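Q: Feature list, courtesy of Swiss-Prot:
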type	residues	note
BINDING	Ala34, Asn35, Gly36, Ser37, Gly38, Lys39, Ser40, Asn41	ATP binding site
COILED	167-506	coiled coil
COILED	659-1012	coiled coil
DOMAIN	521-627	domain 'SMC hinge'
Amino acid sequence: MPYIEKLELKGFKSYGNKKVVIPFSKGFTAIVGANGSGKSNIGDAILFVLGGLSAKAMRASRISDLIFAGSKNEPPAKYAEVAIYFNNEDRGFPIDEDEVVIRRRVYPDGRSSYWLNGRRATRSEILDILTAAMISPDGYNIVLQGDITKFIKMSPLERRLLIDDISGIAEYDSKKEKALEELKQAEENLARVDLLIKEVKKQLDKLEKERNDALRYLDLKDKLEKAKVSLLLGEIKILETQIKEGEKRRAEIEEEIQKIEKEIEKIGKEIVEKVKVLREIEERIEKESGEEAIQITKKIGEVTSKIELTKRNIEVAKEELEDAQRRLAKTKEELRKVLSEIEKSKGAITRWKKRRDALINEIKKKEEERNVLVVKLGEIDKTFGAAREEFDSVVKELEETTRKMYEIEGNIRRLQEEKEKLHSRILFLRAKLPGIKEKINEFKAVVEDKRAEISEIEGKLSTIQAKRIKVEKEIEAKSNELEKVSKELESSERELIAAEAQREVRGNRAAEELKRSGIGGIYGTLAELIKVKDEAYALAIEVALGNRADNVVVEDELVAEKAIKYLKEHKLGRLTFLPLNKIKPKHVDSSVGLPAVDVIEYDQKIENAVKFALGDTVIVNSMEEARPHIGKVRMVTIEGELYERSGAITGGHFRARGLAVDTTKLREKVESLRRRKEALEGELNSLKIELRSLENASFELRIKLSDEKKELELASKDLNRLLEEENAVKEEIEESERKIQEIEQKIENEKSELAKLRGRIQRLERKKEKLKKALENPEARELMEKIRIIDGEISSLKEELSRIESRIESLESRLNEELLPRKASLEEEIEGLVNKINALKNNISENEKALELLNKELEKLKSIEENIKGEIRTLREKRKKLEEDISKLREKKEVLQRKLQELEIEANTLKVRDAQLNAQLEEKKYQLTHYDKNLIKSIKEIPLDLEKVKKEIEKMEEEIRSLEPVNMKAIEDFEIVERRYLELKSKREKLEAEKESIIEFINEIEKEKKNVFMRTFEAISRNFSEIFAKLSPGGSARLILENPEDPFSGGLEIEAKPAGKDVKRIEAMSGGEKALTALAFVFAIQKFKPAPFYLFDEIDAHLDDANVKRVADLIKESSKESQFIVITLRDVMMANADKIIGVSMRDGVSKVVSLSLEKAMKILEEIRKKQGWEHGN
C-alpha cells in the first residue's frame, strides 16, 4: 500500500515563497504547534494537491486565496504550489516506478496545473491514478479541523451512501444506468418494428391466399397432366404384363392338364388297392381283440391287486417294524433311565441310612445325658420322676405319631402323581380317537364309492359293446354307398368340364343376357356379327380380334348407357360397347399384307365397328414376311402370331373355340352328387371316430375297473385295521379309568388315617403341655432347664430322624413299588418288542418273496397283453394310416378333378381375355401419342394403384375448376412482401432477445450490488461495535439499516450506549460522545477497507485524556496497516506518534521542524502557558 513520504509547499497559504519540505513517517506522524501557527494548513495542502476543488473545505473564500499573500518581510507569491511524494514500492499506483509525485499549482486567476512524475497531466488523469490507489480528496480518510462530527451529522441516507461508496457499488449503478438506457432504446425499437410488422402482415395476408391459389393452380395443372400420363403408362404396363402372363399361363395349363389326367388315373387304382387291405386289417383287429385279450386283462388286474395288497402288507409291516423299533429304542432309553433312577435311589437310601444311624447314636447319647439329669432331679423330688416318665412317654408317642403322619402324606403324594399320569394318558387317547373315527368314516365312504363305481363301470362296458356292434354295421353300409356315389360324380364332372369349356369359347353370358333383355339397338358381339370367308384365315382373325371379339355393337351411346345400367342392376359384370354413331374406323397400308377386313363378311351397317377392331390389321403368311415391318403396322400371321404396332409379339399354341352347350341340368346333377358325397364322407368319418372312441372307452373302462377293484381291496384292509385300533384305544381308556378309581379310594383311605393322626397329635401336644406345667418345681428348675434343652435337642433329632426314616421309606417304596416293577415291565416289553420285530422281519421277507413271484407273473402277463395290444395297436395304426391315406387320396383325386375343370375353363377364358387385352393395349398407346414425349420420359416410376390415380385426376380437375379465375402476379408480389415480413420478424426476435438479456443483466446487477453492500455493511457494523466497545469500555453501539430487506430505499442509523448511560440517539450525545462515535465509525471503515493514509486535524479536541489515550492507542495499532497524520495539541496523542513535526509562525510565515518527544512536550507546555490552556482541556 503506498504512503506519503513527504510534502513540498511553496507559496501555499502561510508557508511563504521558499520551498518547505515536510517529511512523514510511514506509520504515525503527529503535527503540533500553537493555534495560528499554520499546522492545519498542512492538511489543506494535502487536500489541495490531491485535486480538491472546494475552497471552503480548504478554509478559503476562493481557490486563489490559497496563494501566500505576503508578510512584513516577504512579498506575495505569484502562485501556490504543493507536491506530494508517495512511496510506490508495492505498486499501489498503476505506475511502474518506486515513487509517484503529484504536483499542483494554482495561479491568482484561479487556474490550476497538474504534474505527474514531472509530466503535465489533467485533473481527471490525476484523480484516476489516485482512485486506482484508493485515494480521494473527498474521502472519509481526511478529517479536517472541526469535521470529525460530520459523520455524526450526516443524514441516515448520507451515511448509507458512504457505505455505498466504500463497498464500491457505484460501478453497479453506472452499469445499471447504462443498461436502463439500452433497455429504453430496445423498447422503442421494438415498438417501431411492431408497427411495421403489423402493416406488412396485412399486405401479406391479402396476397397469401391469391398466391396460394395461383401456385396451387399451376401445380394442379402440372400434376394433372403428369397423372394422366402416369395412368396411361400404368394401364399399358398392366395390360402388357397381363398379356404376357396370360400366354405363359395358357402354356402351363396345357402341360398341367396332361399331368393331372395321369395322376387321377393312378390315384383311382391306388384307392381300390388300399380299400382291399383295409378290410383285411379290420377283420384281424376284430379277431385279436376277442375273449383271450379280455381274460389276459382280467388276470393282470387280479395279479396287480395281489401285488398292491402284498405291497400294502409290506408297507404296513414296515411301518409296524419302524414303530416297534422306535418303541424298542424308546423303551430301552426309558429302561436306562429307570436303572439310573434305581441306582440313584439305592445310593440315596444308603446315604440316608447312614445319617439315620448317626442320628440314633446321637439321640442315644442325649437320652443317656438326660437320664443322668433325671436321676439327679429324682433325688431332689421323687414325684417329679414319675411325672417325668409320663412326660417322656407322651413325647415319644407324639414323635411316633408325627412320623406316621409324614409317611402317609408321602403315600398320598405318590398316589396323586400316579393318578395324574393316568389322566394324561386318558386325555392323549381320547384326543387320538376322533382322528381314528374320521379315518374310519373316510375309508367306509371310499369302500362304498368304490363298490358303486365298479357297478357303474360294468354297466357302461355292456352298453359300449352293444353300440360298437351297431356302429360297425353302419360303417359297412355307408362305405358301399360312398363308393357308388363317387364313381357317378366323377363321370358327371367330366361331362360338365367339357360343356363349360365349350360355352366359354362360344360366347359371353352377359352379352346373351343383354340380347334377351328387350333393349332395342343391341346387335350382338363382334364374334357373332362377322364371318370368315376362308377357313384358312379363321385363326388369324380370332387372334387379331382378341378381347374385342366380345365387344358389343350397339346403335348409339344411349343404347350403350341403357345396357350398362342393366348390367349393373343385374350384376352381370362388365362389357365394352361399340356405339356405331361414335366409333371411328381405323385404316392400314394394304401394301404390307392382306387387310383383315377383306377376309370377313359382315353387315355394312356395322362397318365402323368392324374397322375399329380390325381396320389397322393386315394378314401375312409367315413370321419371316412380318419381320421387316415390325413396329410399323399391326400384323397377324395365318398361324396366329400377332405383331403389335408397339413392337410387341404374341405367339405360341392357341386353342380354337368350339360349340356352346347348355349345362344347367348337368351342373345341378354334379352339385347334387357332390353334396351327397360330402354328406356320406362326413357321416362315415363321424362313425369311424365314434367306433374308435367306443374302442378306446371300452379299453379305458376295463383298465379302470381293474384299478377300482384293487383300490377297494386296499381300502377294506385299511378300514379293518383302523377298527381294531379304535377298539384297543377304547379298552385302554377303560382300564386307565378303573385304575384311577382304585387310586382315588386309596387316597381317601390315607386321608382319613391322616386326619386321625393329626387329632391324636393335637391331644398329645395338649397333654405334653399339661405335664410340662406339673414338672415346674422351683428346686428342680435348673435341672429341668437343662433337661428341657436336651429334650429340645432330642426332639429336633427325632424329628429329623422321623423325616429321614420317612424319606428312606419313601425311597424304598418308590424303588420296590415303582422303579423295580417298572424295570421288570420294561424288560418284559423289550423282550416282546424284540420278538415282534423278528416276526415282522420274517413277515416282510415272506411277503417280499411272494411279491417277487407276483411281479414275475405280472411281467409275464403284461408281456402277453403287450404283445396282443401291440398287435392290435399296430393293426389300428395301419388301419388309421390306410383310412387317412384313402381319405387323402380321395381328397387329392377330387382336388385334381376340380383343378382339371378349372384349368380347362381358365385356358379358354384366357384365350378370350388376351385378345381383349391386346385391343385395349393398342387403344392406350394411341391415347399416349397425344402427350409431350419429354413429359412421358420424365416419368421414372409407374404407379401401382391406378384406381387411386383416377380418383386423384377427378379430384384435381374439380379443384382446378373451383380455383378459376387466377391472379398469377400474386406469386411474385407475395415473395417480395414475405421477404420484408420475415426480415422484420427476425429483427424483432433479435430486439426481444436483446431486451430480455438487458433485463436479466439489470437483475443480476441489483442482486450482486445488494450482496456486495450487505457484506460491506455487516463487516463495518461488526467492526463499529467492536471498536466502540474499545473506545468506550462497558459501552456498546451498532449500525442499523432502516430497511434491511431493501437497504437502498432507506438510510443508516447509529445507535450508541456510552459506558454507564442509556442508549442514545446521535442527536442526544455530548461533543465527546459524538467524537468517539464518529471515530469508531471511521476506524470501523479503516479496518474493513484501509486507506493508504489518514489525515486527522484536531479530532481529539473534545476528548478527555482517557479517551484521547484510547484513540491514540487505536491509531498506533491501526498505523501498522495505514499511514496516520494527526494534527494535535494533546501530549497523550503525541506520545504515541512515531514522528513529531512542529509548526511555528515567525513574521507571518509558518516554519516546520522535526521534534523529539521531549522537545515537543516542552513546546506544548509553553503553548499552554502562553494561551492559558490548562493540561487536560
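The backbone N, Cα and C atoms fix where each Cβ goes, glycine too.
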Q: For the recorded ATP site, whose residues are Ala34, Asn35, Gly36, Ser37, Gly38, Lys39, Ser40, Asn41, find every other residue on that chain with a C-beta no more than 8 angstroms from the centre of their C-beta atoms, and list them by sequence position.
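A: Neighbours within 8 Å of the Cβ centroid, excluding Ala34, Asn35, Gly36, Ser37, Gly38, Lys39, Ser40, Asn41: Ser14, Gly33, Val1143, Met1145, Ser1150.
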Q: Starting from the Cβ of Ser40 (ATP binding site), draw a 10 Å sphere and report how many other Cβ atoms land inside it.
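A: Counting Cβ neighbours of Ser40 (ATP binding site) within 10 Å gives 23.
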Q: Per DSSP, to which secondary structure element type does Ser40 (ATP binding site) belong, with helix, strand and coil as the options?
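A: Going by the DSSP assignment, Ser40 (ATP binding site) falls within a helical segment, counted as helix.
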Q: I'd like the number of other C-beta atoms within 10 A of the C-beta of Gly38 (ATP binding site), please.
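A: Looking across every protein chain shown, the total is 25.
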Q: In the structure shown, which of the binding-site residues Asn35, Ser37, Asn41 has the fewest Cβ neighbours within 10 Å?
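A: If we count Cβ atoms within 10 Å for the binding-site residues Asn35, Ser37, Asn41, the smallest count is at Asn35.
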Q: Go ahead and report the DSSP secondary structure tallies for the domain 'SMC hinge' (521-627): helix first, then strand, then coil.
A: 53 helix, 20 strand, 34 coil
Q: Can you work out the mean pLDDT of the predicted model over the domain 'SMC hinge' (521-627)?
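A: Averaged over the domain 'SMC hinge' (521-627), the predicted model reaches a pLDDT of 88.
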Q: Neighbour count, 10 Å Cβ-Cβ cut-off, for Lys39 (ATP binding site): what number do you get?
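A: A count of 26.
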